[in-house]
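> Before anything else, here's the structure in question.
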Amino acid sequence: MNAASLRVAFLALFSHYRRHPGQLVMLLVGLWVASALWSGVQAINASARDSYARAEAMFSVRLDRIERRDGEPLSMHDYLALRLAGAPVSPLVESELELADGSQLDVVGIDPLTLPAGSGFRTAGGAATLTDFLLPPYLTRVAPETYAALQADDATPPVLADGRQLPPLQLAPELPPGLAVMDIAAAQALLEQEGLSHLLVAPEVTLDLPESLVRGHAANLAAPGQLTDSFHLNLTAMGLLALVVGLLIVHAALSLTLEQRLGLMRTLRALGLSARALVALLLTELLLLGLLGAGLGILSGVWLAQWLLPDVAASLDALYGKRLGSELILPWHYWLGGLAVTLGGLLTAGIGTLWRAARLNVLELGQAQAWRGQFLRQLRGMAVAGSLLWLVALGLLSWLAHQPPAQGLRLGFAMIAALLLGSALWLSPLLAMLLAGASRLLKRPLLQWAAADLQLQLPRLSVAMMALLLALSANLGVGSMVGGFRLTFLEWLDQRLVADLYLNPPTEQYAAVVDWLESRPDISALLPRARAEATLLESEDMRTQAPRQVGVYGVTPHPALTEHWPLLTSLGDETAAWQAFSQGAAMINEQLALATGLEPGQWLQLSSPTGVMERRIAAIYPDYGNPRGEVMLTASQLSERFQTSPDSIGIVLDRKMTSGDVTPLRRALVQHFGMSGDSLIDQREIQQRSTEIFERTFAITRTLNVLTLGVAGLALLSSLLAQTSQRRSQLAPLWALGVSRLPLAVIGVAQLAGVALITATVAIPLGLALTWCLVEVINVAAFGWRLPLHVFPGQIAVTLGLAVGVALLAALLPAWRLWRTSPRTLLTEFDAI
Amino acid sequence: MSPAKHSTRFRVWLALVLVALLLLILALQQRSTPPSESFAGLGEKAEEYAQARPGVTLHFPADHGAHPDYRIEWWYLTANLEDTEGEPLGVQWTLFRQALAPPGNDDTNDAGSPWSSRQLWMAHAALSTPDSHFVAERFARGMTLPDGKGQAGVEIAPFTAWLDHWRLESRVTDPAGDLLDRLLVSAQGNDNDHDFGYRLELTAEGPLVLHGKNGFSQKAADGQGSFYYSQPFYRVEGQVEIGGETRNVSGRAWLDREWSSQLLGPSQEGWDWFSLHLANGAKLMAFRLRGGGKGGDHYVSGSWISTDGQQTALATDDLWLTPVALSSVAGRQIPTRWRLRLPAQDLDVTVTARHPERWMDTSFPYWEGNVVVEGSHQGEGYLEMTGY
């Protein structure tokens, strides 16, 4: 065997694609789409992780923070008293600034000299610039992204909205975007603040703090790492699903092109090509195709990521307050990883065919029936494997049921993967059983033939149908989850936002504003709210023993509020729970209940400036979107025990007098107290803002979902198109027996639509199961709250229609081709047999 | 858990080393070769600082306070102590001041923020037992609140030098006496999870001693120098604390005061500095600046202080400082045994470190430790060596 003959053999094998360019296109499209989706998602993840690494490296993340219990800024004397007593605390000032172009910049002022060693010195400017950092005109240290956004040219420093200038910019690649770090002297002047936002201290330092101060432990500060991990795991799971679906297409297309070349391969073998050389040639072909497809895929994946990244950044920012660069930063291993995954998938998909090519019997003739016999064996294997996967899913489910909810994220995804794959594997056996039943039941010969013929087509269709099943159920599951979330969230927002207008009066004006408001006849209720921080002390009922930092939220239990405020579980009925609450009981949010295992009826202990307080839990309330555990008390109780005044007042208008229009009141408040727009928030504004955040959060999920469904449609189309020519030889005898082309074409379409319909019917319960898993397991683990399960019949109908539509679309082209096939061509089919 | 902790500790350590490099240069400018252009322009503005010159009369108590117009300054206390068991102990308490910008920049500095200051403070505390050496350091900027309080500084009435809770304060009640005659010094620190601290009362048994010519101490052949005086006559009583255990101690201490704007010549790379209490009641201060002498020799100088506090300035020809044995400390070769000869006083002694491991692993790493004097005279004291 020499190089020349190898070359001839390779050309012969490859010439197949010249005769069937469609197959080549489909193969490449499959590879391309699969790897594009996967690499897009991975690119987003990689880029986001880079941003986090920078955020995590920043001092505030790994250090404990000390704040005043009443939430007011700390004074310089608070700081100095601690320092002079030996406490190694470091001051920090933070706030937002508006730039001339209207954008916001977070400004943090630090004192590099007292920052705990190793935490933020790099952030402060490194060795060479400490003097510049500490002295006028100071330095503004920003990430490259922010630098580029701020600095139009090198000569002029960026200007604030009020015309003042920022200190000269300096690049700090280790900072997260959107953040400016400067010396505390510069920051205080710029932000016009005299106080300190909080103090930082290394976690290992033990401190005696005065009662007015409270220390938040780094580990308890909302653990953004875990939350963002959840988000990225979600994305990765979507990407993986897209990859599986894409590889199924590749598998379908690949088996077909190899199948059709079996004859050619036999000829080549008969001409003296060794089995090893044949496999090597096929492997080369696979690698070439894989490289091309993966390359295209990775490039478009990057493009896809660039398109989606602003949305990802926006939703992460909204969800967790994480800053993310909207610029794509890709590490080198990303490229290799993408290529490896795609090529690996391609080889796995092609390995069965390669195996057969290696063991090719030179003398055996291609027989559809023999192939079918093998397929039956394969079906049994699939059923067994599917059942095993289901068992795995069940096992994981029962195991997860006994775990604390927050720990089940990865296993939850594993369970979903097992459920989906198991069901996909069961699809073909199920279809085969149904068809066998149908061919027995159907009496009319043509229909009987249609069922039998479909059985014969099944091996080729099944992979495409599996892809369709996965995409449909994912679409349904994720769709219901997002839809359900949306419904619950909006309803909850409605219930929580009972006031028409929310007011944040400055502390010194507070009493005057309340007096003034109380004297107005058009107001039916005033609902002051207050906030504080506390430590939830150890209690024997709690699942985790370590004391944890919680938010304390004070509300006014006015009927206007209590009638709407949703409760999940309560001690007695809701009225009784609110009554208990008014009399001093506490309520806790779902996040805290899930994390600690506390239930209504149990007691909790909170630290407060006036000593430890013990409260009975009256109810658990839903608190979507809040990453933290929260305890709710009455506002008056909170003010008294935490020595803080309400930070905002909800104003409920008298419907009869105002018909709900807040404008007059708003205007009067501005006139009387000179309040700015910031301290007056309209209920509608909040709702609008929240809805926007929500929509952005799920934009990516939906985009990926639609793309996955599109991929599945492509899979179906490609496998159908690829086998049109083969179908001709199956149809030609029927035509010869006198069946005209129209019924034949209709039967073809109906066969596919039927299979698609069955697949979609299977996808519905699977999708619902998926929704349940997402809502009950994944969401609870990822976000800490549980959503009610919503089923959307309309969406199910759309999914069914979509499946059939995709199938019809895919079937129409072959049907049309058949319809256009000339009798002469059909006759020639007999030559081939 | 454990590897994560390790890596955190490693990072902390790494950052410390980085900070070290910076403050080493910033806080003790004299060690560095000429400041490079990139170094915040300090080099160019050097002449804008006040310069130490001969012929200036020192005034007390004013000169016990800070001299913000000079670039660098320190209050440097070392004590040779003994606990009730007779175990020798050493204590160091140092406050450094470093100006980040020359005087005249104060106006641009205020911006209404109490934080803004062109002064940077650094303090070192150390405690040596025969077998261990505990070191801590702290930093602060010269912030001042409207009521005059600050995180670090030196006040004259009543005399207090402090950084956070590390304090050196006057206990003098007699208005006629010098403010430094009675002092209370205290510090608590933590070195590698070992708590240590001390609280010592110092009583001067002799007068202040001005070095060089009336307090101007020349540091190089080309005339650069510093203002330099000492109070070497302290008797010490107090307590030291190691890992929660308190020991009563007594002994002798030496306070150095020095300020300058350009202490070192460009070619000087470090120094070896002795402050010795001799058994007969006399004191010897001696230093050797490596390089910077005539023709690149070492520049040697010192003071012989008689029991009643009379100072005799010593020059390169009077005084012989010779390293006789090196120890390997913190990866460097450091002379931990010296021969000191002062023929005019018939002094020929060997000065030996109590323990070679007295490396100050601070931002500005150097060797500082208690020493024993043997030979023609007996005694004890402190040795500081930098630039190795």
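Quick reminder: no glycine exception, Cβ is built from N, Cα and C everywhere.
Note that TrEMBL annotation is computational and uncurated.
Found this in TrEMBL, in case it helps:
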- A:235-256: transmembrane segment (TRANSMEM)
- A:238-361: domain 'ABC3 transporter permease C-terminal' (DOMAIN)
- A:277-305: transmembrane segment (TRANSMEM)
- A:332-358: transmembrane segment (TRANSMEM)
- A:379-401: transmembrane segment (TRANSMEM)
- A:413-437: transmembrane segment (TRANSMEM)
- A:458-478: transmembrane segment (TRANSMEM)
- A:704-722: transmembrane segment (TRANSMEM)
- A:705-823: domain 'ABC3 transporter permease C-terminal' (DOMAIN)
- A:734-758: transmembrane segment (TRANSMEM)
- A:797-819: transmembrane segment (TRANSMEM)
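Tell me what's around each of these sites.
Listed by sequence, the residues of this chain that lie at least six past the ends of the transmembrane segment (A:235-256) yet keep a Cβ under 8 A from its Cβ atoms are 23, 26-27, 29-31, 33-35, 37-38, 40-42, 44-45, 286, 293, 312, 341, 345-346, 348-350, 352-353, 413, 416-417, 420-421, 460, 463-464, 466-467, 470-471, 474, 478, 700-701, 704-705, 707-708, 711-712, 714-715, 718-719, 722-723.
If you average pLDDT over the domain 'ABC3 transporter permease C-terminal' (A:238-361) in this model, you get 74.
Beyond its flanks by at least six residues, the transmembrane segment (A:277-305) meets 1, 6, 9-10, 13-14, 27-28, 30-44, 47, 250, 254, 258, 265, 268-269, 328, 330, 335, 338-339, 342-343, 346-347, 350, 353-354, 357-358, 360 of its own chain at Cβ-Cβ distances under 8 Å.
Long-range neighbours of the transmembrane segment (A:379-401) within the same chain, counting only residues 6 or more positions beyond its ends whose Cβ lies under 8 Å from a Cβ of the stretch, are 408, 411-412, 414-416, 418-419, 421-426, 428-429, 432, 777.
Counting only same-chain residues 6+ beyond the ends of the transmembrane segment (A:413-437), those with a CB under 8 A from a CB of the stretch are 233, 237, 240-241, 244, 376, 379-380, 382-383, 385-390, 392-393, 396-397, 400, 451-452, 454-455, 458, 462, 465-466, 469-470, 473-474, 755, 758-759, 762, 766, 769-770, 773-774, 777-778.
Counting only same-chain residues 6+ beyond the ends of the transmembrane segment (A:458-478), those with a CB under 8 A from a CB of the stretch are 238, 241, 244-245, 248-249, 251-252, 255-256, 371-372, 375, 378, 420, 423-425, 427-428, 431-432, 435, 701-702, 705-706, 708-709, 711-713, 715-716, 718-720, 723, 752, 755-756, 759-760, 762-764, 766-771, 773-774, 795-796, 799, 802-803, 806-807.
Sequence-distant contacts of the transmembrane segment (A:797-819) (same chain, at least 6 residues past either end, Cβ-Cβ under 8 Å): 468, 472, 475-476, 479, 709, 712-713, 716-717, 720-721, 724, 727-728, 731, 741-742, 744-746, 748-749, 751-753, 755-757, 759-761, 763-764, 767.
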> For the transmembrane segment (A:332-358), find every same-chain residue at least 6 residues outside the stretch whose CB is under 8 Å from a CB in it, and list them.
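Residues 31, 34-35, 38-39, 42-43, 46, 243, 246-248, 250-251, 254-255, 258-259, 262, 265, 275-276, 278-279, 282-283, 286-287, 289-291, 293-295, 297-298, 301.
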> From the DSSP assignment alone, can you count helix, strand and coil residues within the domain 'ABC3 transporter permease C-terminal' (A:705-823)?
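Secondary-structure breakdown of the domain 'ABC3 transporter permease C-terminal' (A:705-823): 103 helix, 0 strand, 16 coil.
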